[in-house]
Amino acid sequence: MSDLEKFSNDDEDQKETGSNFFKTKNISEIQSNNSNFSKIDLDSSSAAKDHRGQWSSGVEFLLSCISMSVGLGNVWRFPYVAYENGGGAFLIPYFLLLFLIGRPLYYLELILGQFSGRGPIKVWKCVPAIKGLGFAQLLSTAYISIFYNYLMGISIYYLIVSFSPELPWTNCNETIIDQQNISCSQYYYETWEITTINYRLVLCLIASWILVYFSLIKGITSLGKVAYFTAIFPYVILMTLLIVSLTQEGALNGILYFFRPNFQKLLDPIVWYRAVEQSFFSLAVCFGSLIMYSSYNNFSNNVGRDAIIISVLDTFTSLLAGCVIFAVLGSMSFQKGIDIKDVVSKGEGLAFIVYPEGLSKIHVVPQLWSILFFFMLFILGIGSSVAMIETILTSIKDEFESLHKNKAKLAAVFCFIFMILGLPLTTDAGSYILMLLDNYGVGTAAFLYGIIEVLAITRIYGLTNFIDDVEFMLKSKLSSFWKLTWGFVTPFILILIFVYGNILLILDDNQKPGIPYWGNAIGWFLAGSALLQIPLWMIITIAKQDGSLIERIHSALQSSKDWGPIDETTFNQWTNYKVERTFNKIFKSIDSNNEPYLISLERRKGADNLAFVPE
């Protein structure tokens, strides 16, 4: 306990004098008397910011986030999830939960990264006991990057065969497709893919990882330049494909199926569960990449504006991709004379069946449009994959700063390891492995990441503290909408849907068709290997503290002494801001209660905690 000052409220003059004295003279005295106040040994000084790098401009950050968020999650995953869950019936819960869960979490992660200037592990200096969440997110990010590169490998293969004089999926055995009632594109996808090990896909997988590696070695500044192309080009291709698809007979029926809700489906909790999962995938929240990208931002960047722009574009892209898919499905349904929901088999291969079918309907140089489309699909994948690998590399370099000089070697090691781990996907069991990685290693885990993340910030670090940090950074008041969603709506809905949805998934074997019990066991192992990082690092963090068990737990839940903005000057300004805000609040309390207060500044673990006790 230091610098005790006692103020009495005998009259208005004395109260005013005391208040002014404390706001000016005593702040500087407190800072000078506590020598550690502005001399904290920051692992995040200005030099740290310099060697981490920074976006050249806010536009590059915005386009990079668009390239990452508006990726395969929209063009590949969203259409097949919507198709499996009733088309238009899926849109209502999806957009509602995107607004109440996806967007608040997106904004929260952008703020965390930009405010602290740290990656997804060190950002939890605000609540050290939750450090394991960063490691868990990185493990799930690794799972996604493995199967995203598998999808990129398929895209490369389709891109190569599109140079043929005739698109291979436009000419097939008519007898077989009539007997099985499938399209040529579905027959082609299933026959070329299912082998013991597909050497063609192995070569394409290797090629995709090599291209990811060369995209990584130049660092964050080069990613910003590439984003000008990767963020804009996909819209040109999707719009063209939509226009062509709408000229086909029956396409309008597919669009109507996509937008017409089946209200009976809204009573199915699994539809809501899948909607939350898809919002995580679409916006790329809860996997650490957003925190990593925003950590390279200028501290005063208008991240609120960016969050709105990106989320709106993300929604638009999902709708655009959905319209393309369902327009083609409507056309295929008309040609076969069957219901849209029975046109093709549901699953992760939907995009590689329906999009090629749509491309085959283009009568003017279909090979050119096929080349452009699968090049676009690869570009979408590489935008997301590079962001995920960069997240892993950034987190490791933040932990071991000596590795900043060996980024190329570090990137090569991880790309090689992930490439080897992705080889089983090229076998005949690949579709099942992909399903397990998608459902368990990512989907189930992401729910818990979102719940823990929002509760750690609002309940442990404190919603008031977080809002103060945001308002200091953005120099503007925060909307009540964000306070309400972060503080109550988002965590409540997440917990409700997660618990109820998982109970139904466990009880209903039909929700994961084709996966045996041992497959589900492997799936839970994948999810558990990531989730286990959270309690593991919590125990490690608590064990490193001093005192009794209760004191250690308390210390592990308190912000680290160097938590705050990464720049030292900004850090000191932020500390002054916190002290002044607290003084303003206490003198407001004195004015309203007319009670004498004992005001003290106490140092706990190097942090500045103010304690106010009525005399």
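Placement of Cβ uses the backbone N, Cα and C atoms for every residue, glycine included.
Because the structure is a prediction, the values reported are computed rather than measured.
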If TrEMBL gives Val70, Asn74, Leu380, Ser384 as binding Na(+), which of Ser282, Ser476, Ser479, Ser480 does it give for that site as well? Ser282
So, does the transmembrane segment (59-78) come close enough to the transmembrane segment (368-389) to give 3+ Cβ pairs below 8 Å, pairs being at least 6 apart in sequence? yes
Top stretch among 59-78, 226-259, 279-296, 308-329 for CB pairs under 8 A with the transmembrane segment (133-160)? 279-296
Is it the case that the transmembrane segment (481-501) and the transmembrane segment (90-112) touch, counting contact as three or more CB pairs under 8 Å in which the residues of each pair are 6 or more positions apart? yes
Counting other C-beta atoms within 10 angstroms, the emptiest spot among the binding-site residues Asn74, Ser282 is Ser282
Beyond the flanks of the transmembrane segment (308-329) by 6 or more, those residues with Cβ under 8 Å of it: 62, 65-66, 69-70, 74-75, 78-79, 82-83, 87, 94-95, 98, 102-103, 106, 234-235, 238-239, 241-242, 245-246, 248, 251-252, 254-255, 257-258, 282-283, 340, 343-344, 350-351, 354-355, 357-358, 361
The transmembrane segment (197-214) vs the transmembrane segment (410-434): 3 or more CB pairs under 8 Å: yes
Ordered by sequence, the long-range same-chain Cβ contacts of Ser384 (Na(+) binding site) under 8 Å (at least 6 apart) are Ser67, Met68, Gly71, Leu72, Gly73, Ile144, Tyr148, Ala284
Starting from the Na(+) site formed by Val70, Asn74, Ser282, Leu380, Ser384, give every other residue of that chain whose CB sits within 8 Å of the mean position of their CB atoms, in sequence order. Met68, Ser69, Gly71, Leu72, Gly73, Val75, Ala284, Asp314, Thr317, Gly383
Count the other Cβ atoms sitting within 10 Å of the Cβ of Val70 (Na(+) binding site), across every protein chain shown. 29
